[in-house]
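Read through the structure below, which is laid out as structure tokens, and then see the notes.
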Amino acid sequence: MVRQNWILLAVVGAVLIYEASGLHCIVCSNEEPGCTDGSKQAELCAGNEVSCFVSFEDGKFSRGCTADENTCSDNDGTKCKKCNDEIPAGCNSFKWLQCHKCATTDATCSDAKVGTGSFCTTFKTNDRCYERFVADKVERGCQSEVEPSTDDVCQNNEHCKPCDENNCNSDEGRMFQVTKCVQCDTSVDNTGTCLDGTLAASNCANPSDGKCFSKILDDGSLKRGCHSELTAQEVTACTDTKCAICTEDNGCNKGIFPADRLQCHQCKKADSASCSDELTTEVNSKICSIYQADDKCYSRVKDDQSFDRGCQSNLPANEKSCNGLANCFECDGKNCNSLSEQTLKDSTKCQRCTSDDAGCLAGTAPVQSCGQTGDSCFVRINNDGKLERDCLSTLKTDDEKVKCNSDTDKTCIACTEAGCNNQKWLKCHKCKGGACKDEQAGEGEHCTNYKESDKCYERFLDGTDVERGCESDLDPATENVCVANQQCKTCSDADGCNKDVSTEFQVTKCVQCKSSEDADGSCLMGTKAEEICADPDGKCYSRIIAGGVLERGCRSALTAQEQTACTGDQCNLCGDAGCNKGVFPTDRLLCYQCESTTDASCSNELTGDAKAGLCKIYKADDKCYSRVTVTLNFERGCQSDLGDNANVCDALNDCLECDGKNCNSLSEQKLKNRAKCLKCDSEDTSCVDATSEIVSANCDNVEDSCFVRVNNGKLERNCLQTLSEADQGKCKDTNDQSCVTCSAQGCNVEKWIKCHQCKESSSSTCNAAQVDDNAQFCANYKVDNQCYERLESEKVVRGCANDLSEAACTNNLECRTCAESACNKAAANSLKTNQRCLQCSTASDDGGLCLAGTAASQACKKESGGKCFNQVQADGQLKRGCQGELTAAEVTACTGDSCKICDTADCNTGLFPANRLKCYQCKSSADESCTNELQGADKSLYCKLYVAQDKCYSRDANDKEFERGCQSDLGLNVEACKDLDEKHCKTCDEPDCNAISKIKLNGAGAIALNVVLVVVAAAAGAFAGL
């Protein structure tokens, strides 16, 4: 028993000894507590397991024992790490790093992270988590996973943070983003690098999210720094030109700020003599240290004759650079103050100010330099409504300069003399309607346009609305604003002078009267004094009322209906004080008015206005008159004065009515001797043929003349001055016979003939006998004019002889003239003559009709005794015609075969001479059959020229073209076969004898040769027999 206990004790001891000395490992998966951080208690591995391991594969983390030496590696960079140190706590308690992981493509990666991250993919001793900016985006992860592999994930990246605890890379992105900014203040900037923005950027003490700022402080100094320095309120307000936040890159707040900060030449002649020279380099150029939005550079000669340049902002607050200095130049461009002291003194000088500046409104501001010679000055009202005086070169655009130099645009005035832009630009009140009637306060506003001696105005429009403004702003600017408006007032003694309450300029004065109650004629003449209207509305009227009476008065006295109707020539509204004065209507007639019974001089020729007077009763068609009454008294006056229905000249021989001012001025004797003419037209048959039955009538103009003419087919007789000036000119033109004039009383009695006027070629009825009523007056007059009718190319033509350029029947036997109206009415066939012949020449014989004698015969143009002729002329051409065409010598010589006279109508027809040769005529180039043997009439033609010894020919002149014809057609004295042998040409003198084919012609030479050989052989034989 004891023995057994000892054995059991030995076994237990051995086991305890084995367990104490065996391999212990932590065995777990990541779901178990203490597994991921290696704090779980280790366990004894089985006897065959030789290593501990830690593994992260397929997304699962585990620790344990392993018997397979090849399952895991004891090196870094694997997914399974083993160890075999026999320690009770387990050698696999080492940490496998966990980190937050996200890529730059993840918009939330920059946010702070909470909770547990992810295991690093492989194990690496001393692995680290990291968080960093890459291309301005945040990424997080394990250092061991970075490609390419590195031992320092943050190398060369100051925006990066490594850490070695699980999930330690959880900070918000801005906590590890290093921001570099220029950090400085120009108020303590001894080097100027803060001002020009060249100071090196430095790290911000606090996170600034990659943002820097530049800011102009209240005193004009510049501060640059990190975003974190600004309060939330300052960040919100940092949006204008004086404050900017940037994020472009580290040190983004470098460079000049604001970008429009002025840079000027800054120096004193007292410190450097070269300061007074023209500056062409930037040696003296500096940025203005105090920022002002409207800052300017300056160059000046001070009262003590010292010269300096600089920035206006650098001067004390109470000092202006050009304060009253003439030799001072201000400008607003970079280094614009470069001109020399001498140029400054010689430069153009102008007032340079706005209406905010003292003396500018009055034009008394001190002049300043324009900074250059040859400049101009200007004055204008700018877009802000302020008066501006300056140098023309300061204007930004060419359009602005053109406006100032324009002669027509008065919104800006330019000039070239020193200080010449001192014009006083008037201010006026401008308004219309409503409160515009009330008295106006203040000085008003500047006129839009400039005008020398400009005026303000205040006026009523149509007696109701009030308008105030500048005379120069009216269209056109030259308008006198108060013309035609007596309720109007102008002034120019002070700015805003047109401020009166409207009742001050509302009085209306008009002439008030009737001509029917006009004892002294002042109402009729319009010379009566004007009177104040009881109800002023600014308008007067003049009008003609019933009975032709003239009435003048105040518009307010008319009813509303009468005011509306007051238009046209007989009623007029006007606005000037007393504007309804003067003669009305303006066309009211003025006539001489007198009687010889009370004034013997009335019978004389009158001139001047001594006996002239306005017609008292107005009639639009009124007339003056002069007349010898039935009691033989002589009187003058106005037709209207005799009554509405008076016929002034009724039953009076010596009477004149006329419609011009004082037109009734002629003497009584001239009236009795005045021009008289027939006044009628062809609608009255007596006017055509029986003018003695028509009594001549007075012409309106006593010194007129008479005329007779045909107008649009109508015969007219009248006084010349009844015609238009153009028509009178035609009648007076001696070369124009469409109208005839004369000067004796009743002289226009000329007989004007009528003729039938037509052409058969355009009128189918012209060839028939004509009806008298169809005759028309001849267009032109001629003493002893005649009508004519004649045949032209077998068609009848009828008309007036004086319309032709030559005698109607020249060279025409089928023609007749006559002297009575409508006498050329015979039927066309009665004109035909039996003297007819063929009249033609083969020299112009289209179709060969003249040659063949088949042309149509024509009437002879000259007396030929019924005889015709055929004549062969010297050039071989045939001429046919009427004997009347031949001279006596030619008639005598017309004998033999070449000339023949015959004595019957159309007798010169047929072939002539009868023995005229006939030949085949063709060319193979146009007709291939020409080369064949010919027969019959085809291609057979008479020779065009007649030659007594003519011949036909056939020839092959060049072995290319074969031709036949008359030798005479080749020209007189030309031989068709000259220089050609019998094989190529043959002539003959019988009709159509040239029918031989080309083949036979070409063989004729060979036959001829054979004949010669036979003859020669026979002769030789005969000779041998001798």
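Note that Cβ sites are derived from N, Cα and C of the backbone, with glycine treated the same way.
Secondary structure by DSSP for the domain 'DUF753' (97-169): 3 helix, 22 strand, 48 coil. The domain 'DUF753' annotation in TrEMBL covers 97-169 (among others).
The annotation domain 'DUF753' is assigned in TrEMBL to 180-253 (among others).
Note: the domain 'DUF753' (262-337) comprises 7 helix, 22 strand, 47 coil (DSSP; helix = H, G, I, strand = E, B). Look at TrEMBL and you will find 262-337 (among others) tagged as domain 'DUF753'.
The predicted model assigns the domain 'DUF753' (349-421) a mean pLDDT of 92. Sequence annotations record features per position, and here TrEMBL assigns domain 'DUF753' to 349-421 (among others).
If you look up TrEMBL, you'll see 427-498 (among others) marked as domain 'DUF753'. Each residue of the domain 'DUF753' (427-498) gets a DSSP state, and the totals for helix, strand and coil are 7 helix, 22 strand, 43 coil.
Marked as domain 'DUF753' by TrEMBL: 509-580 (among others).
Per TrEMBL, domain 'DUF753' is recorded for 591-664 (among others).
What TrEMBL records for 676-748 (among others) is domain 'DUF753'.
If you look up TrEMBL, you'll see 754-824 (among others) marked as domain 'DUF753'.
For 835-908 (among others), the entry in TrEMBL reads domain 'DUF753'.
What TrEMBL lists as domain 'DUF753' is 918-994 (among others). Secondary structure by DSSP for the domain 'DUF753' (918-994): 8 helix, 22 strand, 47 coil.
Look at TrEMBL and you will find 1-22 tagged as signal peptide.
According to TrEMBL, the feature transmembrane segment maps to 1003-1024.
Two recorded stretches are said to be in contact when at least 3 C-beta pairs lie under 8 angstroms, sequence spacing 6 or more; the domain 'DUF753' (427-498) and the domain 'DUF753' (509-580) meet this definition. The stretches the domain 'DUF753' (591-664) and the domain 'DUF753' (509-580) meet in space: the count of Cβ pairs below 8 angstroms, excluding pairs fewer than 6 apart in sequence, reaches at least three.
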